[in-house]
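Participant: A single structure is presented below for examination.
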Amino acid sequence: MAEITVGQLAQQTNKEVDALLKQLKSFGIEKSSEKDTLTPTEMKTLLEKINSAKNTATRKKVTSVKLDGKHKINVSVKRKRRVAKKMEQQESTTLEQPQELETMVQEVSQQVDIVKEQDNIEQIVENKEAVKVQEQRQAEIAKPVIKDSGFKITAMPEIKIEEIVAEDDEGLAASDKQAKKKAAKKVFSEAVNTNTKYKREEEEKKSKAKKAGGKGFKKANPRQLSQLAGDLESFDEFGAKKGKLKAPKVKKQEFTKPVENTVRTVEIHEGITVSELAQKMAVKGAEIVKVLFNMGVMATINQSLDQDTAILIVEEMGHKYTLHNENALEEAVTIVDRSSYKKISRAPVVTIMGHVDHGKTSLLDYIRQTRVVAGEAGGITQHIGAYSVKTDKGSITFLDTPGHEAFTSMRARGAKSTDIVILVVAADDGVMPQTEEAIQHAKAARVPIVVAVNKIDKPEADSDKVISELAQRNVIPESWGGDVMFVNVSAKTGEGVADLLEAVLLQSEVLELEAFAEGLAEGVVIESRLEKGRGPVATVLVQNGNLKQGDNILCGTEYGRVRAMHNDLGKKIKAAGPATPVEILGLSGVPAAGDEMVVIENEKKAKELAAQRSQKQKEAKIAQEQSLKLSNMFNNMGKEGEQQVLKIILKGDVQGSVEAIRESLLKLSTDEVKVDIIASGIGAITSSDVTLAVASTAVVIGFNVRADSAAKKLAETDGVEFRYYNIIYDLIDDVKKAMSGLLSPEMKEQIIGIAEVREVYRSSKFGSIAGCMVIEGVVKRTNPIRVLRNNVVIYEGTLESLKRFKDDASEVKKGLECGIGVKNYNDVREGDQIEVFEVIEVAKEL
């Protein structure tokens with residue numbers, strides 16, 4: 001055998017060099033590196049070691065020997081089957097057997113001596129079967145006979161090794177016999193150890209009995225002695241525990257008193273869960289789930305139930321119920337007793353309404369003698385302003401509403417919180433869409449109208465036209481026998497403004513407006529916003545009571561303490577009476593415009609009620625989303641394609657503007673493109689808005705607000721673009737364009753040419769060839785065609801050939817003759833028309 005290096009051997013055996021070196025070292029072959037060579041002798045030694053390891057199979061068999069009672073002894077038999085010479089096996093067997101027998105005899109004699117040295121204890125031991133071997137091994141250990149000489153075991157059974165018989169699985173008698181002898185020795189030693197263990201337990205019980213009885217056995221309790229004797233009798237001569245002899249049970253004739261089921265009164269609130277209902281009825285949730293299943297409702301323990309379903313479950317399970325009044329706290333807190341207060345006359349609350357750019361703010365500006373219009377972008381009022389004006393005949397509170405169509409909800413709120421509506425109509429424009437809408441809101445709120453025909457100073461002004469148009473909409477002037485006062489005014493020159501104020505005060509006298517000037521204040525939120533350094537700021541119109549600085553107030557889902565109050569001129573005030581607009585600071589958040597404002601004496605109750613309202617809003621929103629998902633699922637069934645979503649983050653200067661823009665943008669949604677406003681708020685654009693825009697791939701829109709420096713830096717890093725607007729028209733138009741870009745283009749067919757068949761020829765190569773005259777447009781070889789007969793489409797396909805005389809042509813223009821071969825169609829007749837068209841993509845528009 002040729003010499004080989006360690007590295008070559010490792011490569012041939014697919015082993016690592018280090019692992020091979022360790023294996024060689026374990027076989028007694030010392031090598032240090034992969035370059036060392038292996039001699040033929042070393043290779044032979046290595047092969048013998050490997051073969052001897054492979055030819056040895058260790059087998060382990062575990063059986064259990066039962067002692068009397070509940071105890072078992074596990075017998076583990078290990079044997080090795082080795083393929084070797086017979087002589088070696090016989091010699092090893094001959095040498096090992098005498099030594100093993102002598103060792104076993106010595107160990108057995110030692111164990112017997114240990115047992116003989118134990119203390120003599122009186123015990124009556126019955127002769128029982130000592131050891132039972134498993135039935136499959138078919139061997140037994142003979143029963144020993146021990147003399148009754150107290151508790152001391154005077155003789156041990158002689159265990160003969162020849163009596164242990166085992167099955168020979170592999171036919172190797174010598175190795176099996178050797179393993180069986182070892183197993184018998186182990187069984188015997190374990191039996192002796194067990195006996196010794198129980199002797200120790202007996203001594204411990206004896207000592208415990210002595211302690212219980214005092215100094216000696218004589219003073220022991222007889223009951224304890226009998227119990228100890230019973231314990232000692234439970235062991236046999238091998239120390240194995242006997243089976244317990246149970247005394248026969250004496251049957252007693254007893255009468256079980258019937259227990260009446262507890263009937264509970266369960267308080268049920270809307271949206272109660274299965275687990276809550278189960279807890280109130282003191283039953284498991286699974287039982288209620290079973291009842292629901294029998295009713296045909298699949299539910300889990302966390303499922304919310306409506307009150308009707310919960311009532312059925314409670315009655316089904318035999319309990320009583322009471323319905324929880326969720327408005328109990330709100331009624332207790334918000335209802336104010338004013339029976340002890342007197343009413344006084346108050347100033348009228350007047351809302352100026354009308355179409356865009358008809359001069360509402362200019363008219364109010366003239367009345368207030370200030371210049372507010374210059375601050376509004378494009379001369380359009382972006383949010384509601386509340387102002388108090390004092391005249392010679394009394395005070396008037398004005399609410400200015402935007403005229404744009406997006407601010408419908410604002411006008412609706414303005415109509416609800418007002419006493420008189422001044423409808424401004426431009427004399428040169430007449431009645432416009434928002435004018436009609438203002439009339440509808442005023443009539444719905446049952447508020448009297450005073451019409452101000454504005455811009456009367458213009459040459460093209462026509463007040464009679466305005467009167468006739470309004471009369472068609474049931475706004476009848478007093479001169480025509482109606483109840484509506486018409487006043488011609490000019491916000492530019494001030495003409496007729498005094499007459500308008502006099503008409504308003506006259507109307508208020510007719511209405512006999514009164515309010516409580518004392519007690520806890522009530523009002524309505526006209527506008528709200530978030531100002532840097534001041535926090536949430538709300539413009540509130542007080543309707544009843546006296547609002548004072550330091551009062552605990554509740555506005556919708558927000559609460560707080562009035563830290564400061566300012567009037568419409570920006571001056572700090574300590575108190576505000578009915579029909580007074582004020583700005584208040586100190587709320588926990590920005591309330592929604594139109595929320596009711598109430599003063600609550602207990603701040604804790606205000607906080608609790610605000611949390612309850614917030615929870616109701618969340619539950620209503622979740623329920624609405626679930627119903628929308630369900631309806632959308634049915635509506636979208638059968639529709640192909642996926643709906644595109646334009647995600648928007650909207651930030652504005654005031655709550656009313658944000659709400660109005662939100663409603664306008666949501667109305668733009670179609671079946672193909674949906675507007676999803678994932679976040680909206682008041683104040684500057686912050687870095688959190690940018691992070692949200694990056695995570696959700698949304699567009700950030702700011703209305704009359706800008707991004708702070710941190711947001712700008714983050715936007716430059718993440719590539720987020722801000723869109724700033726100060727006029728609502730531009731914002732809505734840009735969003736429409738963005739939505740149009742998300743629309744999938746529409747495929748449209750356009751006819752580019754028509755050829756009339758004049759004669760038909762037969763060709764062996766192409767079949768029927770139509771001799772045609774192009775009567776319209778151009779016929780192109782590559783475009784699809786239709787064959788028309790009597791203006792009815794009879795075939796649609798493509799051209800196989802287009803020839804001008806004998807030459808192939810790519811296209812033939814109007815007025816020229818050509819030969820046309822239609823692919824896979826031979827039924828061309830004279831008088832047919834071949835229509836050539838093309839498919840083009842057309843961008844969709846909203």
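Cβ atoms here come from the backbone N, Cα and C positions, even for glycine.
Residues or ranges marked as region 'Disordered' in Swiss-Prot: 198-219. Feature annotation from Swiss-Prot assigns compositional bias 'Basic residues' to 207-219. For 345-512, the entry in Swiss-Prot reads domain 'tr-type G'. Look at Swiss-Prot and you will find 354-361 tagged as region 'G1', backed by similarity to another entry. Residues annotated as GTP binding site in Swiss-Prot, with sequence analysis given as evidence: 354-361, 400-404, 454-457. If you look up Swiss-Prot, you'll see 379-383 marked as region 'G2', on the strength of similarity to another entry. Per Swiss-Prot, the feature region 'G3' maps to 400-403; the stated evidence is similarity to another entry. Annotation source Swiss-Prot lists region 'G4' at 454-457.
Structural setting of the listed features?
Facilitator: ASP357 (GTP binding site) falls outside any helix or strand according to DSSP and counts as coil.
The predicted model assigns the region 'G3' (400-403) a mean pLDDT of 60.
Taking Cβ pairs closer than 8 Å, the region 'G4' (454-457) reaches residues 354, 358-359, 362-363, 424-428, 463, 488-493, 495-496 in its own chain, all 6 or more past its ends.
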Participant: Say we define neighbours as other CB atoms within 10 Å of the CB. Which of the binding-site residues GLY354, ASP357, LYS360, ILE456 has the fewest?
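Facilitator: Ranked by other Cβ atoms within 10 Å, the binding-site residues GLY354, ASP357, LYS360, ILE456 bottom out at ASP357.
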Participant: When DSSP states are folded down to helix, strand and coil, where does ILE456 (GTP binding site) land?
Facilitator: coil
